[in-house]
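The structure's right below; bear with me while I get my questions together.
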Amino acid sequence: MLLLKAARRLTCFTTCIPTIARNTKCMKSSETPLPEISRHRLRYTQFLKNFLESAEQQYFVGYRVRYYIFTDKPKEIPVVKLGNERYLTVIKVPSSNRWQEITLRRMEKVEKLIESLLANEADYVFSLDVDTKFYGHWGAESLGRLVGAIHPGYYKTPRNQFPYERRPESHAFIPLEEGDYYYGGAVIGGLVRDVLQLAKTCRKQLEADAAKSIEAVWQEESHLNKYFIYNKPSKLLSPEYLWQDLKAKTKEVKVIRFSQVIKNYAAVRPNP
């Protein structure tokens with residue numbers, strides 16, 4: 001998770017969450033603090049070096065930043081030189097035998113982090129996946145009350161073909177005739193209070209599904225898409241803010257700012 005504190009504090013969480021400081025204006029790092037990043041992924045620590053080094057070059061440069069890293073392997077966190085007023089905090093979390101369980105617990109971690117540390121510390125927060133790399137500038141243009149990113153795999157897909165949860169018994173259920181976009185769970189952000197409400201709502205829905213032995217088709221991403229049906233993002237980020245390295249640039253997406261790196265899922269996930 002990445003936490004940004006500044007004249008306006010920003011936090012980023014990896015998985016990643018960014019936040020912006022309270023009662024302040026965006027200013028240079030010499031004048032104010034920046035976001036923090038935190039993240040939790042089994043054996044995903046190998047991606048942190050590229051993530052952090054590229055973030056230092058591209059992500060809210062000139063602001064105070066704190067990165068919150070959620071991991072079950074804190075000793076594997078790489079040493080990366082951070083700029084002035086940019087910080088890193090590591091939070092140890094339990095291991096899991098299922099990557100789906102790690103994903104399902106993301107909203108709970110976001111909720112607890114905001115309530116315990118960020119509520120009185122930051123104005124904005126972002127949650128970002130760590131198996132990613134920044135390729136271009138990411139700054140204040142991405143801020144909004146509630147921020148979502150269009151999934152790079154479905155920005156040209158008809159609505160009735162989105163991989164929404166289609167089982168009515170799930171709290172993530174979305175009917176065929178509803179929906180605007182398919183949002184990627186790798187990028188979530190906004191004002192701290194709005195991200196807290198999102199995380200809390202999704203966490204409750206995930207728990208309600210679990211009580212009925214239901215797991216949404218794409219875990220927390222399915223619940224995120226359901227939330228955005230009735231709580232529209234005030235800032236919609238194009239796929240240039242959430243691309244995939246295995247995809248070539250297209251005529252619609254010519255600038256890549258943030259992208260998921262190529263990886264062997266069998267090597268980094270504890271189960272298929």
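Just so you know, glycine gets a Cβ as well, placed from its N, Cα and C.
TrEMBL does not curate its annotations; it predicts them automatically.
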Given that TrEMBL annotates Asp129, Val130, Asp131 as binding UDP-N-acetyl-alpha-D-galactosamine, state which candidate in Tyr44, Tyr227, Tyr230 belongs to that site as well.
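Between Tyr44, Tyr227, Tyr230, TrEMBL records just one in the UDP-N-acetyl-alpha-D-galactosamine site with Asp129, Val130, Asp131, namely Tyr44.
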Where among the recorded positions Asp129, Asp131, Glu221 do you find the Cβ with the fewest other Cβ atoms within 10 Å?
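So among Asp129, Asp131, Glu221, the recorded positions given, the one with the fewest Cβ atoms within 10 Å is Asp131.
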Rounded to an integer, what is the Cα-Cα distance in Å between Asp129 (UDP-N-acetyl-alpha-D-galactosamine binding site) and Glu221 (active site, nucleophile)?
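Cα to Cα, Asp129 (UDP-N-acetyl-alpha-D-galactosamine binding site) and Glu221 (active site, nucleophile) are separated by 12 Å.
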Would you mind checking how many other C-beta atoms are within 10 angstroms of the C-beta on Val130 (UDP-N-acetyl-alpha-D-galactosamine binding site)?
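Result for Val130 (UDP-N-acetyl-alpha-D-galactosamine binding site): 31 other Cβ atoms within 10 Å.
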